[in-house]
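According to TrEMBL:
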BINDING   VAL97, ASN105, SER106, LEU107, VAL108, VAL245, PRO577, GLN578  FAD binding site
DOMAIN    285-299  domain 'Glucose-methanol-choline oxidoreductase N-terminal'
Amino acid sequence: MGKIYFNANDLGDKYYDFVVVGAGNAGGVIAARLAENPHFKVLVIEAGLSDTEPESDVLRTPFLAGLAVGTKFDWDYKTTPQAGLNGREIPFPRGYVVGGSSNTNSLVYLRGPSEDFDRLANISGDQGWSWTSLQKYIKMNERHVRPWNNRNDENDYNPAVHGDGPLQTTLVAEPTDLDQRVIKAANELQGQFRYNLDLNSGDGLGVGWIHTTVGGGARSSSSTAFLKPAIESRENIDLLVHYHVTRLLPAEGGSLDFRTVELAQDASSQRIILTAKKEVILCAGAIGTPQILQLSGIGPKAVLDRAGIAQLVDAPDVGRHLQDQPIIFYQWRVNSTTLSSFFRDPANVGASMAEYAASKTGFAAGVAFFSTIAFLRLPDHSPIIKAEHKDPAAGPNSSHYLYSFLNSYAPNPGQEPGPTEGDWISIAAVLQSPTSGESFFACLGAAADTMAEGSVEIQSSSAFDHPAINPAYLSTAFDLNTMITTFKTTAEFFSAPIWTGYIAEPDPEITGLTTDAAIEAYVRKYSTTVKHPVATARISKAGAIDGVVGPDLCVKKITGVRVVDASVLPFASAGFPQAQIYILAERAAALIKEKWSN
Ligand SMILES: Cc1cc2nc3c(=O)[nH]c(=O)nc-3n(C[C@H](O)[C@H](O)[C@H](O)COP(=O)(O)OP(=O)(O)OC[C@H]3O[C@@H](n4cnc5c(N)ncnc54)[C@H](O)[C@@H]3O)c2cc1C
């Protein structure tokens, strides 16, 4: 068995071939796969907490997915004031825990269009990143399992596109009336709203079921599926918890080999130095990775100068090109019962939690309030695409925006009833109807692509100061137009016969959204983050002067360091990033193993 350390001094004089920085979505996969070679010794260093800490039920219970935001398991970042959002600074969650954001996210597992991966192959000049080439990594990573109630879901997905990997994914256990209506509306409307049997097939357009990273009634994360099983079964992998990697250090003598990491528990504690024999693999995510590189003197000169860090390597794209999409909710009152009535009575939620605690079954064992999704495109001759002379989608079969349908009320930040901090009961406060005795449902609208590019920049030379995170939301005409379209096309979707008599009336604020100007005002007032940041250490072709890593994910201009996480993805994903990052990590691990196996 490997060991889990909470004190770096206990590592003694151990040596490691690989030091993996960050035990998140990618880091767990990289570490576990490398440890499959018994000749490799692997250390994973995680800044955040153990995922078995008290209160970690919030991580494991599917019903509570997303509620770790703002708790001790969250980095508690905020963006800079966003001009496109009326100057608001918005919370920018990231998992601060073993498992990283794969342990705190909303569980959606959707790989996105094959064109996203083919674009990655073209940008990097390595066809190994294409959808077709990646199939074996997709299949070795993920496995479809039935939901907790063993519902026969055979007609709701395509088994041929799923594999036999450790990561478990599942469909909704008890589809609701709303879910069934969404699928029926798709069949009635066809066209861009056509039903898509399995949105994980590489066909990323249309309306279909959401797959979630849940198995056996609990979250399946990179910790539970990869890292922990590896530590429990192998001698050659250790985990050091609650230590920040504060920077990478170059080898002595002016070499640009950066296989030495400096770490510490907090700003004032002793610095510890470790050197990887083979490689350091940065898996610290789209915020942590550019932060570590900049702290190490690898980044844009102006940013490093302002923070008082000597530039060792000119790498202008470190921290640049940050992409993340805006998201918003629209609500309608319905002539039917949705979960908002269920949530209104805390006794219902209490009973479900008790059942879950006893047997991992029941309502809390699944994601019951958003189980369907639509991936849609702007019209081919959209004036906004013409005006921009550019289409940010990866190709003609990739979406520009998406809807998800929530079987409950869902307020935007600042709308009532707002979330209360704290335990699981808060979800009832968030999702119940605002008016007693009535039922609501909500449509989540989000951009799938964005033209905005922001930045992550360190503000000081301390690894314990948060960097400035500027996603530049709604800073382009394209992004604004896309968000306005998310609302306008709801009318088209709700024109399907199945909705007749179901939708009673829009929420009062939605009633006023009759002009583009009114929708723009709503979108700027309420949009927040979809929480999918990428591209802050972008991949590019070998030898290209732009980008941070080459096609093998090694950091350009230096030796000894690779990056494997969301930061290398060159553009916002038209799917959901966790699936793409799992796939990226599988192939990256294979590349690393291949390099060092002889
Ligand atoms: C609340 C929320 C909901 C989301 N919902 C979804 C969803 O439903 N579906 C989906 O596909 N995606 C979702 N995402 C996004 C998705 O989870 C992330 O894009 C993905 O998990 C990022 O993977 P990663 O490996 O790049 O980073 P992470 O999984 O974030 O891992 C980075 C790890 O590095 C650690 N770290 C950072 N800095 C240091 C340092 N200096 N030293 C040591 N360790 C460090 C972090 O603590 C973390 O554990 C969501 C994200 C959040 C936060």
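Just so it is clear, glycine is given a Cβ too, placed from its N, Cα and C backbone atoms.
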Work out, from DSSP, the number of helix, strand and coil residues along the domain 'Glucose-methanol-choline oxidoreductase N-terminal' (285-299).
11 helix, 2 strand, 2 coil
Residues near VAL108 (FAD binding site) in space but at least six apart in sequence (CB under 8 A):
ILE210, HIS211, THR212, THR213, ILE373, PHE576, GLN578
For the domain 'Glucose-methanol-choline oxidoreductase N-terminal' (285-299), what's the model's average pLDDT?
98
What three-state secondary structure does DSSP assign to LEU107 (FAD binding site)?
coil
Those residues of the chain, 6+ apart, with a Cβ under 8 Å from that of PRO577 (FAD binding site):
HIS532, VAL534, ALA566, LEU569
Around the Cβ of VAL97 (FAD binding site), the count of other Cβ atoms that are within 10 Å:
32
Among the binding-site residues listed here, LEU107, VAL245, which has the most company in the form of other Cβ atoms within 10 Å of its Cβ?
VAL245
Cβ distance under 8 Å to SER106 (FAD binding site), same chain, sequence separation 6 or more: which residues?
ALA65, GLY66, VAL367, LYS531
